[in-house]
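What TrEMBL records for this protein:
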| type | residues | note |
| --- | --- | --- |
| BINDING | N107, H112, E117 | oxalate binding site |
| BINDING | H110, H112, E117, H156 | Mn(2+) binding site |
| DISULFID | C32-C48 | disulfide bond |
| DOMAIN | 62-210 | domain 'Cupin type-1' |
| SIGNAL | 1-23 | signal peptide |
Amino acid sequence: MTSSRSVVLRVLVAVAVVAAAVADSPPLQDICVADLRSNATAVDGFPCKPAASVVSDDFFSDAIVSAPSTSNPFGVNSTRATVSAFPGLNTLGLSITRTDLAPGGLNPPHSHPRASELVLVLSGEVMVGFTTATNRLFSRVVREKELFVVPRGLQHFQLNVGEGNASFVAMFDSQSPGLVTPTFALFASQPPMPMEVLAKTFLMGEDEVGAIKSKFAGF
């Protein structure tokens, strides 16, 4: 009969394998600046630029320096420095986003399927929260220089609860964390989500669902 110690060891090994599988793979070379112009299919990263053509500026980005406009219904704007905008991140397993919030602005509930998120508030007061698979909400008002972490893949939001503008940076343990926003996925997908699915999901009539969909027509 298999001993309990052996069973525990097998479980721990399985957990370690799964944990390694969900993280970005470690690089096999010192540098692999993304060749964004390559026609090759990108699998877990972009093809590398020829080493001879790599320059210092490939490892520099000013993508998040300027404050973007927050003139939209949500009062939010995010500027992403992922590998698509910052080729030097290729194969390094990290990226960063700057988000600006107008007073009362909301970064709507969303998730990043390939990354955990570490939020650092730069200015203002931001309520950050996430929900677990058991529908439990964890939230906290985060202020300047304070941190809040969101586990990988969980739905989360950021809401400006201060009197003025707010901004924060979100750091990810993936060069391409992905972004899934349920409201857009449900009400602004192409082709459209079947009306019957939406009506039954939200226990609404089709007219009510249509009214909601009309609000997301421009997204």
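Glycine is treated like the rest: Cβ placed from N, Cα and C.
Just so you know, TrEMBL annotations are computer predictions that nobody has curated.
The model shown is predicted, which means the values in this text are computed figures rather than measured ones.
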Other CB atoms within 10 A, centred on C48 (disulfide bond): 18
Distance from E117 (oxalate binding site) back to C32 (disulfide bond), taken between C-alpha atoms, in Å: 24
Helix, strand and coil counts within the domain 'Cupin type-1' (62-210) (DSSP): 22 helix, 57 strand, 70 coil
Lowest local Cβ density among H110, H112, which the record lists as binding-site residues, within 10 Å: H110
Near-site residues: Mn(2+), ref H110, H112, E117, H156, CB cutoff 8 A to centroid: S111, A115, F130, V150, L154, Q155, A170, P177, L179
Cβ-based neighbourhood (8 Å from the centroid) of the oxalate site, residues N107, H112, E117 excluded: T97, H110, S111, V119, V150, H156, Q158, A170, F172, P177, L179
Cβ atoms near N107 (oxalate binding site) (within 10 Å, other residues, all chains): 24
Rounded to the nearest Å - Cα separation of H156 (Mn(2+) binding site) and N107 (oxalate binding site): 9
